[in-house]
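Undergrad: What follows is a single structure, and I will ask about it in a moment.
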Amino acid sequence: MKNNTQPQSSFKKLCRKLSPKREDSAGEIQQHNSSNGEDKNRELEAVFSYMDANRDGRISPEELQKSFMTLGEQLSDEEAVAAVRLSDTDGDGMLDFEEFSQLIKVDDEEEKKMELKGAFRLYIAEGEDCITPRSLKMMLKKLGESRTTDDCRVMISAFDLNADGVLSFDEFALMMR
């Protein structure tokens, strides 16, 4: 069986393609990024509706696969079944709207965590697993900010919950909220 993260990545891509778009003041088309939960829910409903080809209120693995194909994305039988299984809480082998919403929410959280891990890696020195005053100083220098090691110690101490003088990934994630 294939990796379960693949269907989620594909889900996110599909949702982006199906989300309503708007024009900005320069006339370019951009994704609609509303922080309003109601707008986000309407967008999800539109995506769900598109995928629910037979309009029975549930998305089958086959409907999921066909939705991907119409947008030029490939999803194997196994990936479609795995994607549905990830959020199928009632065990009927299909996704209702609530289950679909949960799958998208999980994907959003995983994507944010991966982005944070990527940013965290930029700030750590090779062979380290935390941000040290020295590694922070080097990264800030690359970004055009000249700081002393003592300045960096002070910056780290503001988010250093366990007072060990460095930032772990969890402390970094808290800082980035």
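Note: Cβ is positioned from N, Cα and C throughout, glycine not excepted.
Swiss-Prot feature annotations, pasted as is:
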REGION    1-44  region 'Disordered'
COMPBIAS  1-11  compositional bias 'Polar residues'
DOMAIN    39-74  domain 'EF-hand 1'
BINDING   D52, N54, D56, R58, E63  Ca(2+) 1 binding site
DOMAIN    75-110  domain 'EF-hand 2'
BINDING   D88, D90, D92, M94, E99  Ca(2+) 2 binding site
DOMAIN    111-146  domain 'EF-hand 3'
DOMAIN    147-177  domain 'EF-hand 4'
BINDING   D160, N162, D164, E171  Ca(2+) 3 binding site
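Are these features on the surface or tucked inside, and what touches them?
TA: Secondary structure counts, DSSP: the domain 'EF-hand 1' (39-74) has 23 helix, 1 strand, 12 coil.
Each residue of the domain 'EF-hand 2' (75-110) gets a DSSP state, and the totals for helix, strand and coil are 25 helix, 1 strand, 10 coil.
The Cβ of M94 (Ca(2+) 2 binding site) has R58, I59, S60, P61, V84, D88 as same-chain neighbours under 8 Å, each 6 or more residues away in sequence.
Counting same-chain residues at least six beyond the ends of the domain 'EF-hand 3' (111-146), those with a Cβ under 8 angstroms from any Cβ of the stretch are 12, 152-153, 155-156, 165-169, 172-173, 176.
Sequence-distant neighbours of the domain 'EF-hand 4' (147-177) (same chain, 6+ residues past either end, Cβ-Cβ under 8 Å): 113, 116-117, 119-120, 123, 129-134, 136-137, 140-141.
Close to E171 (Ca(2+) 3 binding site) in the fold, though at least 6 residues off in sequence, lie F159, D160, L161, N162, each with a CB less than 8 Å from its CB. DSSP classifies E171 (Ca(2+) 3 binding site) as helix under the three-state reduction.
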Undergrad: Taking only the Cα atoms, work out how far D90 (Ca(2+) 2 binding site) lies from D56 (Ca(2+) 1 binding site), in Å, as a whole number.
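TA: D90 (Ca(2+) 2 binding site) and D56 (Ca(2+) 1 binding site) have their Cα atoms 16 Å apart.
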Undergrad: So how many of the residues in the domain 'EF-hand 4' (147-177) end up helix, strand or coil by DSSP?
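TA: Summed by class, the stretch gives 17 helix, 1 strand, 13 coil.
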Undergrad: Using Cα coordinates, what distance in whole Å links D56 (Ca(2+) 1 binding site) and D164 (Ca(2+) 3 binding site)?
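TA: So the alpha carbons of D56 (Ca(2+) 1 binding site) and D164 (Ca(2+) 3 binding site) sit roughly 56 Å from each other.
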